[in-house]
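Asks: Found this in Swiss-Prot, in case it helps:
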- 1-230: region 'Pyrophosphorylase' (REGION)
- 9-12, LYS23, GLN73, 78-79, 101-103, GLY140, GLU155, ASN170, ASN228, ARG333, LYS351, TYR366, ASN377: UDP-N-acetyl-alpha-D-glucosamine binding site (BINDING)
- ASP103, ASN228: Mg(2+) binding site (BINDING)
- 231-251: region 'Linker' (REGION)
- 252-461: region 'N-acetyltransferase' (REGION)
- HIS363: active site, proton acceptor (ACT_SITE)
- ASN386, TYR387, ALA423, ARG440: acetyl-CoA binding site (BINDING)
Amino acid sequence: MSKIHAVVLAAGQGTRMKSKLYKVLHPVCGKPMVQHVVDTMASMQVQDIVVVVGHGADAVRAKLGEDVTYALQEEQLGTAHAVSQAAPFLQDKEGTTFLLYGDVPLLSATTLSALLTYHEEQQAAATVLTAVLPDATGYGRIVRNEAGEVLRIVEHKDASEAERAIREINTGIYCYDNRKLWKALAEVKNDNAQGEYYVTDVVGILRDAGEKVVGYEAIDPEETLGVNDRVQLSEAEAYMKKRIMTGHMRNGVTIIDPTSTYIETDVKIEADTVIHPGSFLRGQTTVGADCVIGPQADLTNVEVASGVTISYSVMVDSRVESDSSVGPFAYVRPGSQIGSNAKIGDFVELKNAKIGDGTKVPHLSYVGDAEIGDGVNIGCGTITVNYDGAVKHKTTVKDGAFIGCNSNLVAPVTVGQNAYVAAGSTINQDVPDNALAIARERQVNKIDYANKMPRKGKKQS
């Protein structure tokens, strides 16, 4: 296989989106549209990816990083003009070049690989990715000769009655012989009503030069959907979501109700895990085998080991080890690590906390900036008092400790191994190993107190 290059057009402003965010940066299933395109190219081991930027160039660069090459289109003079901005980076190279659009996020590596294979088998100068639609109104039509080669692409407004009856359309996606592309591109003129340079003219230029131009029909036309407004964005989101769900289910994941579940592109889930309705799995979240996620679990960049149960809870930038349970109604904030066979129960908040194996924080507690050992019990209502108004301080609770209900651990403080903290205590000094710490007022009972107090309706003597 020859060397593969790609030009991705991402210079348009996208006024129909009616947004401050540049069009190609609008997300589909958690990832900017243009990132989907670049990632697909990267998965195909494309050697050179040149992204043509214009409006929002800095924002696009910030999202995509430095793994691609950028070409700047300062003036918007048409698609051929946009492609030509990549010439300094590609025109002297051998091989095949893809032409793609940053607002066409659904194209799969399977489809593009098939396009590439067909292009090389046909030894064509250019191969057009086409699609057959039930209603082709508004699209450029593919006109073929008797041999099935592409003669020309006719825009809808310029098409004859017979040409308008053609349902095979130009998707705008191409494979080119790289050297022939740049030679033909130099011949494109702007003698049209809009005064712009159109990349579709390259097909005619190549044909006039006696070159072979063919078309490859996409098996799934929906993959070629371009996004120009919020309606089409929602359609792309729905398609991508279905693709993601189908992939996970075919790999052995049970998704009870795909219509009420949201899973982003880069999420990984192992077999025999069950995802319940209302769950959101985002970012770089990974879920092991035999887990139960949801209902109503919201996980962002979370590492979940096998056999974990998470329900009605929010977890962000954290990790939970095998056979643990989280929820219902827990909030696990960034930097938290939950050990194996641990329990994080209802209305518990963790922040930058390390929870040991077999430790239980069953309910109504805040554990922040803390390291809790193995086999610890944190009683209901326990608070790590970590903030003095300027600095966050650390709380350490060692293995086997028992913290009674409604205790305050005022950091920095350490509770020793197998130590006890009596319920209702405010601990502001270290507790030695195996000790019992009691930090509360001794109870005093005032005998016959009630009879001495005035009450409504009670006659005073």
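Here the Cβ of each residue, glycine as well, is placed from N, Cα and C on the backbone.
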Asks: Within 10 Å of the Cβ of ARG440 (acetyl-CoA binding site), how many other Cβ atoms can be counted across all chains shown?
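Replies: Its Cβ shell of radius 10 Å holds 12 other Cβ atoms.
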Asks: Around the Cβ of GLY102 (UDP-N-acetyl-alpha-D-glucosamine binding site), how many other Cβ atoms lie within 10 Å? Please give the count over every shown protein chain.
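Replies: Here the count is 29.
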Asks: Would you work out the biggest C-alpha to C-alpha distance among ASN386, TYR387, ALA423, ARG440, the residues that bind acetyl-CoA according to the record, and give it in angstrom as a whole number?
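Replies: Max span of the acetyl-CoA binding residues, Cα based, is 22 Å.
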Asks: Can you tell me which parts of the same chain pack against the region 'Linker' (231-251), counting only residues 6+ beyond its ends and a CB-CB cutoff under 8 A?
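Replies: Long-range Cβ neighbours of the region 'Linker' (231-251): 17, 26, 28-29, 33, 36, 105-106, 108, 222-223, 225, 258, 261-265, 267, 269, 271, 275.
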Asks: What whole-number Å value do you get for the CA-CA distance of ASN228 (Mg(2+) binding site) and ASN377 (UDP-N-acetyl-alpha-D-glucosamine binding site)?
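Replies: ASN228 (Mg(2+) binding site) to ASN377 (UDP-N-acetyl-alpha-D-glucosamine binding site), Cα-Cα distance: 55 Å.
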Asks: Whole-number Å distance between the CA of ASP103 (Mg(2+) binding site) and the CA of ALA423 (acetyl-CoA binding site)?
Replies: 60
Asks: Of the residues in the region 'Linker' (231-251), how many are helix, strand and coil by DSSP?
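Replies: So the region 'Linker' (231-251) is made up of 20 helix, 0 strand, 1 coil.
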Asks: How many Å lie between the Cα of ARG333 (UDP-N-acetyl-alpha-D-glucosamine binding site) and the Cα of ALA423 (acetyl-CoA binding site)?
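Replies: Pair distance, Cα basis, whole Å: 26 Å.
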Asks: Just name the winner among ASP103, GLU155 (the binding-site residues) by count of other CB atoms within 10 A of its CB.
Replies: ASP103
Asks: Find the shortest Cα-Cα separation between ALA423 (acetyl-CoA binding site) and the recorded positions LEU9, GLY78, GLY102, HIS363, ASN377, and name the residue that gives it.
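Replies: Smallest Cα separation from ALA423 (acetyl-CoA binding site) among LEU9, GLY78, GLY102, HIS363, ASN377: ASN377.
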Asks: What is the interatomic distance between the Cα atoms of ASN377 (UDP-N-acetyl-alpha-D-glucosamine binding site) and ARG440 (acetyl-CoA binding site), given in whole Å?
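Replies: If we compare the Cα positions of ASN377 (UDP-N-acetyl-alpha-D-glucosamine binding site) and ARG440 (acetyl-CoA binding site), the gap is 20 Å.
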Asks: According to DSSP, collapsed to three classes, what secondary structure does TYR387 (acetyl-CoA binding site) have?
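Replies: DSSP call for TYR387 (acetyl-CoA binding site): strand.
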Asks: Here are the binding-site residues: ASN228, ASN377, ASN386. Which has the lowest count of other Cβ atoms within 10 Å?
Replies: ASN228
Asks: At the level of the C-alpha atoms, what whole-angstrom distance separates GLU155 (UDP-N-acetyl-alpha-D-glucosamine binding site) and TYR387 (acetyl-CoA binding site)?
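Replies: Between the alpha carbons of GLU155 (UDP-N-acetyl-alpha-D-glucosamine binding site) and TYR387 (acetyl-CoA binding site) there are 66 Å.
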Asks: Check the DSSP secondary structure of ASN377 (UDP-N-acetyl-alpha-D-glucosamine binding site), expressed as helix, strand or coil.
Replies: strand
Asks: Note down the number of other Cβ atoms within 10 Å of the Cβ of TYR387 (acetyl-CoA binding site), including every protein chain shown.
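Replies: TYR387 (acetyl-CoA binding site) is surrounded by 12 other Cβ atoms within 10 Å.
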